[in-house]
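**Q** Pulled the feature table from Swiss-Prot, pasting it below:
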| type | residues | note |
| --- | --- | --- |
| BINDING | 29-32, 50, 86-90, 414, 479-481, 495 | ATP binding site |
């Protein structure tokens, strides 16, 4: 397909036009008085959101060159969301300011590469200042403040998230789902849960709830399929003598073995239940080992030199109770030693630090949570589906922001941390910089004012005036919700340092790319074919 090209100033102007459009759509959502954006869908009701990345993802411009600029800015929001889970609107606003001021400098004859170097050096100093000023998050109250600020000053959401984290711990899994009622509730799962249910409904002990519940069971953990009874019989006889129930976790239980277990369960001779092992491939082996550590048992595996027919009762795991339905198995209060569990958690954390894969990271975090904290499910309730989706977006943002705050600490919110970083740039030694690099510093200084300007403008005030006052008032920021100057940290208006840092770094990265662009190439749009001419012998068709 033929291509069209734009060069120099013309290319950069087209890219800027695209960046500006996406920035204008996103920036209206910033701050406590930010507005919603309504997004049309090809089916169903439109989506209402205040989430910057959700808005950015929907933007697709008709002009191909402008669309390239828009897609680059979309990358800022997406990357910030991936790294920190929040701060996407701030990142977008910062990037637009850097691109706009940077392109003015390029048009005035500055060297793009030197501007880029200046921007990179300034951002490094600002990031260092943000990290230096960050404070470790302490107590549920500060967790609630971070969450409520991210959820558009919704104190109820802040409290729900703070309570969930207090219950499952900072490594615990917190899932966000949809409730069937108008009320938002949190369900807690103590112990380990995995998504495999009973193989046969004949194992059910509670017919009303269709659940299998065992108290003080033994747990056999086996990494292969069981199809014949002779391999399992020696172990079953040992368990039967103890009078305790048995849960079998294996790759599969089928044929003669399954039939015999079902018959024994129905007769009451031996309470048993069989479930398939969670996960697949190597991940399955790791998860079986996790279950073994949690329950104080041993994975019966020929790879480790253990055969099923030679398995002893001492190899079995134990728990206070287990609950199994058709989809899930929950092991409550496993008998594993706390030292072994702690060592296993440390091992998984090391794997988490070493992996680059987002998918692997997610699965490792899930395993970590199952071992160390348990699971909380926040079920979002609302009057309408549109409201529920909007609220769910805010809860997910708040949850991500809270995790980021626990990880890297908190800084003053409302754009104040960035205003304070300007002071660090003004104190920096610029004697070794070229004139163009100094302009790069000025571009970053101007961009750091932009979040507080936009928050003020969304509250109906003059952003430039508020930004100047914030620079004069040391350590005091503007609370746009109450329209007053206050100590932001004491007032609970705080942002995660990771969110602020990531927003600035990602904005600078994309801005630098745009400033150093000299040519843009895209496909020539295909011309739309006109409507077909009617056939001359069909003139009377459709006439009455």
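Positions of Cβ are set from backbone N, Cα and C atoms, glycine also.
The shown structure was predicted, so the numbers you read here are calculated from the model rather than taken from an experiment.
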**Q** Tell me the coarse DSSP state (helix, strand, coil) of residue 89 (ATP binding site).
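**A** In three-state terms, residue 89 (ATP binding site) counts as helix.
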**Q** If one looks at the chain holding residue 480 (ATP binding site), which residues at least 6 apart in sequence have a CB under 8 angstroms from its CB?
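**A** In sequence order, 31, 32, 33, 414, 455, 456, 458, 459, 461 meet the Cβ cut-off.
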**Q** Within a 10 Å radius of its Cβ, which of these binding-site residues (29, 89) has the fewest neighbouring Cβ atoms?
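**A** Minimum Cβ neighbour count within 10 Å, taken over the binding-site residues 29, 89, occurs at 29.
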**Q** Count the Cβ atoms, other than its own, that fall within 10 Å of the Cβ of residue 87 (ATP binding site), considering every protein chain shown.
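**A** So the number of other Cβ atoms within 10 Å of residue 87 (ATP binding site) is 32.
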**Q** For residue 495 (ATP binding site), which residues in the same chain are close in space, meaning a Cβ under 8 Å from its Cβ, but six or more apart along the sequence?
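**A** Residue 495 (ATP binding site) has long-range Cβ partners 87, 146, 149, 401, 405, 410, 411, 412, 413, 417.
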**Q** Taking the Cβ of residue 31 (ATP binding site) as the centre, count every other Cβ atom within 10 Å, in any protein chain shown.
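**A** Other Cβ atoms found within 10 Å: 27.
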**Q** Tell me the coarse DSSP state (helix, strand, coil) of residue 31 (ATP binding site).
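**A** Looking at the DSSP assignment, residue 31 (ATP binding site) belongs to neither helix nor strand, so coil.
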**Q** For each of the binding-site residues (50, 414), count the other CB atoms lying within 10 A of its CB, then report the residue with the highest count.
**A** 414
